[in-house]
Amino acid sequence: MGFSTSLQGQSSHEALLARQDAEIKLLETMRRCLTIKVKSDREYASTISSLTMQGKKIERNEDLVGSLIAQSWRDIMDSIDQTAKLIKQQADSIEAIVVEHIMTLYSERRRARKVYQEEQTWLNNQFQQLTEDVARKKLEYQKNLEMYKLMRSRFEEHYVKSGRVGRKLDEVREKYQKACRKLHLTHNEYVLLLGAVTECEHDLRTCYLPSLLHRQQAIHQEFITSWKTILQDIVKYSDFTTDKFQEIHRRMQKAVDSVKPVEEYRDFIGKHRTRPASPIRFIFDENLVDDTSGKLLPNKLTVDNLTIDWLRNRLTELETSLKATQQSRQNPPYPSENNSDSKISILDYSREREELRLRCQEKRLQRQVDVIRAALNELGCEELPLGYDLSMESSFADSPSISKKNTVADIGLFTLRRNQRFMTIFRSPFKSLPIINDTKDGTIRSSSEGPTSKADNTLPVTFRGISHLTSQKGNGSGDLMEEEWFHGVLPREEVVRLLVTEGDFLVRETTRNDECQIVLSVCWDGHKHFIVQTTPEGHYRFEGPTFPSIQELIRHQWLSGLPVTSRSGAILKTPILRERWELNNDDVILLEKIGRGNFGDVYKAQLKTCKTEVAVKTCKVTLPDEQKRKFLQEGRILKQYDHPNIVKLIGICVQKQPIMIVMELVPGGSLLTYLRKNANTITQQEQLRMCKDAAAGYESIVKISDFGMSREEEEYIVSDGMKQIPIKWTAPEALNFGKYTSLCDVWSYGILMWEIFSKGGNPYSGMSNSQAREKIDAGYRMPAPENTPDEIYRLMLRCWEYEPEKRPHFDQIYTVVETLSQAYL
């Protein structure tokens, strides 16, 4: 039974401080009494009564109940009363020795109390700091969670209201992704902090606190030993040889002998005993992850594309700190103890505190390192999952074909929301090349073919190249592009669209940290992606045997029916073949650059198989997967339409970088260039026909190609570095509120009509974007170009109505323009 096990509670701490105060007061009383004794030796006879009474008046006597020291002091006071006359002879000795020792003990006692109180306060502050750190991190977690919920709700709200894309929607999506990333990082920090503070609290409670109390008890007992020496000195200098004084001396000695340092605090401990300090439990609040779509799990690190770099950097930092801490523990910067300074060292907590601090820090760092290593090891060969949830967008991406009844209402959804592509080349009055449908080699497809094809499970799918792989050892991708189930650099989101049935699989190529990797994607309890591992010998494997080529590896996994990895349990059942409209990159020969789009450059090209000239839009290699997915989604939308005033899609190329969309080439070139080049010869009838063909295209589906009119105005409002909005061609409600509808395109069509009749003039010439916008809001409308029919200018003004609902629809516009065209024949 001792301080370290019995006095850990707060009430015990207060009692211990009170006991020390009482002992300090007792020392003061002893010093005062002995000083008075020395001073009053000559007057002892007259002052003995008051001296003994004063010596028995011990302050805070109730705190010294059971104290052997206090009882001994009382007995000594009784003896002093009997030996008053002898005290004068010993006065000098008592003053020179006893009083000096009492002063020294008094100073040390006060210092010991101060050190103990400071250490106890520091310990309490540590516990409080740990609790506050967890509470603060939890509050940060809750704030980030609220921001995540807000950004997600805004994203869903804008998505439902505004459609699939748009400047405002992309801003909301970017904020949503940032909020999601910040939430994931805060989640990881919260998990790591809980583990760290738990270890730290455990060490403070089980090591430091008992050590402090044990040391305090040792100090107290040592002081009692010193105190006993002082009492012995008092007895010594009060010793006389007469029988009477010897008897007095024996009583005093007996009182002193009754003091036993080991038993001094027995009654005190029994009276103020408390239970050992209870541990502070830090528990993950599971309510924090209720609304995170299951991507964040309690007490488990989230490893995804948002956190992988942070985790790896954090692991490196922690391992460095851990190594430094271990070295500090092995080589402590403390000199060896000197026995002569034992009293000083017993009051010096710095060394023990530093040792405990390093030990706690080592355990905390080791715990965090183990947690992060386990999370990274658990990932294995699987590809990183996405950290943010765009399931809303995916659900809309696979909507059925758009019917012509709804195309007018959906114009804004495709044009302004798909990177604001307003003005494009219209085939009429220029004659385009014939539609390409040469399919003799199975590589060039029309844009209106059926859904994704699957291999019949009853018939084997040919794995080309297997029969002659012996001559290609070490080359895992030599014939990979020829395999129908290899989809090249198809973005991950497109893969998710293609894999719909349990066991569907395909192989694709991806790039991570500037390294090209081959990935097997499987639909199995969701969508799982496995990176093909390369051995030092150049072979390929997952968790099973190695193979000299990727084709053989995939064939083995498919035919054996074994799981790709034991952890995932994913089994390959049905290979998903490339869509019929997917072309091979090598079949397209780029001839010359003819323009630039939001996603990349536009080229005039030629198809190897039929020598047909086509237009090719490329996607920059450096774009994120999200932008590449949008790029390909545009191709999927294009292939649904077949209209004489809409540029036709021939196919897409995703076998390797760069991704390309192949469309028919309109040989007439830019409409704007044509208007300016033929300004002196173009007739009003031709201008009306251009307006009619444009309206026909809009009425069908709104413009789809963006190999469009080049603009001299190059100033744009830019959102997320991708979306570009031509200010002078955009309706006010789209600029002011981000509201995109087909009536926004009506406004843009009015600007196009003005350009046609001005023969390639610049709208709002001489005005900056901001000036034009202010004047439009104030009611200004451009005057009619020279020789513009009154009916056409009235139609322009109707297209430029500030209130969208007052503008005509494209079916009405087409009727008016067609009527005028017939009238001017």
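Heads up, the Cβ atoms here are built off N, Cα and C, so glycines get one too.
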Given the ranges 323-345, 438-460, which one is assigned the annotation region 'Disordered' in TrEMBL?
323-345
Per TrEMBL, member of Lys573, Lys611, Lys617 binding ATP alongside Ile594, Gly595, Arg596, Gly597, Asn598, Phe599, Gly600, Asp601, Val602:
Lys617
Counting Cβ atoms within 10 Å across all protein chains shown, which of the binding-site residues Ile594, Val602 comes out on top?
Val602
Minimum Cβ neighbour count within 10 Å among the binding-site residues Arg596, Asn598: which residue?
Arg596
Looking only at Ile594, Gly595, Arg596, Gly597, Asn598, Phe599, Gly600, Asp601, Val602, Lys617, which the record lists for ATP, tell me the maximum pairwise CA distance in angstrom.
14
Overall pLDDT for the domain 'SH2' (485-576), taken as the rounded mean
88
Same chain, |i - j| six or more, Cβ under 8 Å of Gly600 (ATP binding site); the result in sequence order is Lys617, Thr618, Cys619, Lys620, Leu623, Pro658
Counted with DSSP (H/G/I as helix, E/B as strand, rest coil), the domain 'SH2' (485-576) has 18 helix, 32 strand, 42 coil
